[in-house]
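Please read the structure below before turning to the comments.
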């Protein structure tokens, strides 16, 4: 027993004690020690677990792919309703678009990102930790939906622009060599309600050069490529449900439970 | 007799001649009681909150609204199913009774319209004249108008087993004492009945004496069993914790600016997590398993909860006859040649080993065999002698069996010594006599044999046989006789004297006409041969059982209608009064002082006479019950049993009472556990009792006590096991609310643990063997030794429960981290995470997730959390096998059912995870194999930690650690 450190002896003494005065304190002390130990063990385990993770790529990516789809403007739902003659009804959408497109301003893109060769994946070899270059996606590429010529993105004329964005997935190469394209259609009802949509850039495709994505840590200035949809002739004064889909190899857009996987549904309600 | 028309009239007025069965609760009420008892109310509240939330969310168009509808339905189903289960269990144990009360409809021979008719006994009315033959049950209370040698067995009414003669004479004012009334449900004995008896019905149905007692019994309230109180206490604790945590976090959630609706949903989660939904069903199953085990050991339990009541019994008030004794007279001692010999009185004797070499013995054995009218019923040649049925009274039966054992075929002996004349026993002569030819063809003398009350026999003797020779009966020899007679009488035995005389050949030639009326033969100056004494001997297993009771801290009190001396003798021989204890009277005798001068506290034992008890106040009775540890109540009426039981209950004791007569039923009802005799017991007693002893054997009660104690210990383990994971189910909700992380485990998943993986293991703990000799400790104190005590709750909730939660959270964080959501990203993520419109939430790596992808990940988290709890529950199950001993002392494989439990647990988890992983409503996903092992270190830690706990408990008994950590 002489080999036991003094603290152990003291703890054993405490355990064996019957002194009633020190009891409440002893209980508190006991739980303090126990929880301290558990907290320590938990931290240690978490630390060990985090050590096994790569800071660049998640261990598993099976749940995040294939990609989902989102649109801008995004306020609080998927119904975009406004009255052309009342700017206050569409102003929030326009502001949201402007805010979103800040990162795509030509000068920002030119300053931070490089020009890449279109039509092929921009694969950057080398160490995983090396900082990756990002390709320029200039706001001007969105043409009439860039908000440069028409700062109201067509909302003031009843021809709203909507931006479509494919969710980022590390290492994902959409289309397997063929660019993924976007098309839109009336989801239910009369097809004539949606007579014409213009897509930018390049007829509504996501160029291969923006892929693959290398992750937040190394692909610092990466900006997701966008497809702008200019609804130039939509039935007015009515709710028009529109579904836009991604088309391309490896894209899944028919899962019942996930209505945002490879497709998105929103409603346009433009009042003149 | 009556005319049929008049009888029908009276029948319409008085109702049928049957006892109204005790008012039973309507089935629907019983069922509804199950629906609202225990945790059901809490779960109903949860279900209704769910439906309210569903209604509101549906109106708001929230996509997950239907989840709440389903959850509400599931909760309601859980309540209904467990309710049905409990109801079914209860109904099943009631059915056990149904088989007992199934009575063959009794017929009565009644004179109506001046004709003898057989009618069902139910249709008897007051004024009917009925005929009774031997062996019949008396169909109603009747006044005898003609009776010849009629004897009745009133044991079912009064508990007295002595047959009582009945005649037409009015002998007493009290209807219970007078000889001309025979009571409903008593039996008319066959053996003494040469003629028939005729009587007039004076009371029917509930108006009979038996009916009045039965209604008295149903008036005695049914109190809650100790285990029911314990479970109530436990439900209060858990419900208290659930409601207070629920309300606390409701307030916290509201003050953290959560929407009220969300807060209500949190509240539901907290309730579901806190309530061990499967536990009450598990307890019922455990109890019924024990009940089954007890039934195998001859204790049939009517009311499941009585299983445990027996275990906490601290006083057993036992009958003597049939319970402690074999309920048959047996020759216990012999006296001849001035010497007392002991005979074997065990149940399965085949030979007698006392010294039979004396010359006097053949003479004595011949008298015993010949002077006896009892006979074996024919056709039982291959049965053991002790089991054969005999026609004859108790003493004669004992003597017949005794001589069959020592001599061989008695019938043959009687045939060889042909009987010529006989005077049967009657109460004026107090002797029985017969005259026989001898079996020796050369000996032409006749042999006169006689037996009877020893003092009467001795009076008729002038000589005494010593070593085969007739010696004059001088004063010294008479003194020796008196000493032996007193000694045997002091043992509480019934003593008979035997004598004989060889009639001289010249006076009594071959053709001599013996006439029993004129008694033309000598009946004095006979030769005294010996004494035989008989007793209803204790069952051979009883002394052992009584000493077990004693070491188990259970006080055994004998309550009997018998004579104090017999009662005391049996009490001594079975150990209810131990060898070295004395009663006040014994001390007085030893010290030669008057009884009043003896200090009552010096006497451990007490023999209380029913007459004394009658004059006692409640305080005096209490004093006796407290001061004496070994008590015998003799000459008590069955009504006094109730007083004794109440006295014991005033000492806070849990009282078990045995009984068989109808008169016992109030005491059986009043007792914490009433034990009726399966063989000798009347239906009324069986109805009033909680348990039925199939073999009427006291020793079976003791095995029942053992089982009862074991199940109490094991229920503790089951509850500790079940409560532990509640914390692991609760913590996720609390952290979800406070830290706003995605929900770690869903309510449906929790239900799958509570009602899926955990059920079989918790039942398996009921099969656990005792850790130490549970019959060596005192019975638990009703109010102090709780089923769920503070230590159990604290150890399960705050130590193992927290450990489990941590292990499960590790798995949860691992799943999210490996998919891209590092732990710090999760904090505060909840609102965005649960936003249906936000389909591009960024994880720690910059990837973007749709709502459904997140939901699926959340379910993976649920599954990982679920699997981790399951894995740690395996460890929890293993540590719960013992509370004090090391697992290595208990043995890992002694209880095989535990392994069935573990196997089932893991199989169910595998099926849920991989088999049903594609059914989205269940919220399970096929989990990567490695996640099954994340919580493994914690499972091992749980086991190591508990071993250390147990080690310190064993090392430092009575210490701070022992007091705080032993549950």
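The backbone N, Cα and C atoms fix where each Cβ goes, glycine too.
Remember, TrEMBL labels are computer predictions, not curated facts.
What TrEMBL annotates here:
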- B:1-55: domain 'Cation-transporting P-type ATPase N-terminal' (DOMAIN)
- B:36-57: transmembrane segment (TRANSMEM)
- B:69-88: transmembrane segment (TRANSMEM)
- B:234-258: transmembrane segment (TRANSMEM)
- B:264-287: transmembrane segment (TRANSMEM)
- B:719-739: transmembrane segment (TRANSMEM)
- B:745-767: transmembrane segment (TRANSMEM)
- B:792-815: transmembrane segment (TRANSMEM)
- B:859-878: transmembrane segment (TRANSMEM)
- B:898-917: transmembrane segment (TRANSMEM)
- B:929-945: transmembrane segment (TRANSMEM)
Which stretch, B:36-57, B:719-739, B:792-815, B:898-917, tops the Cβ pairs under 8 Å count with the transmembrane segment (B:929-945)?
B:792-815
Quick test of the contact rule: Cβ under 8 Å, at least six residues beyond the ends. What residues does that give for the transmembrane segment (B:234-258)?
38-39, 42, 264, 266-267, 270-271, 274-276, 719, 723, 726, 730, 733-734, 737-738, 787-788, 793, 797
Cβ-based contact of the transmembrane segment (B:745-767) with the transmembrane segment (B:36-57), 3 or more pairs under 8 Å:
no
Per DSSP, what is the residue count of the domain 'Cation-transporting P-type ATPase N-terminal' (B:1-55) in each of helix, strand and coil?
37 helix, 1 strand, 17 coil
Average pLDDT across the domain 'Cation-transporting P-type ATPase N-terminal' (B:1-55), rounded to a whole number:
81
Count the CB pairs under 8 A between the transmembrane segment (B:859-878) and each of B:264-287, B:792-815, B:898-917, then give me the winner.
B:792-815
Tertiary contacts of the transmembrane segment (B:898-917), as residues 6+ beyond its ends and Cβ separation under 8 Å:
752, 756-758, 760-765, 767-768, 863, 866-867, 870, 873-874, 877-878, 881, 924-927
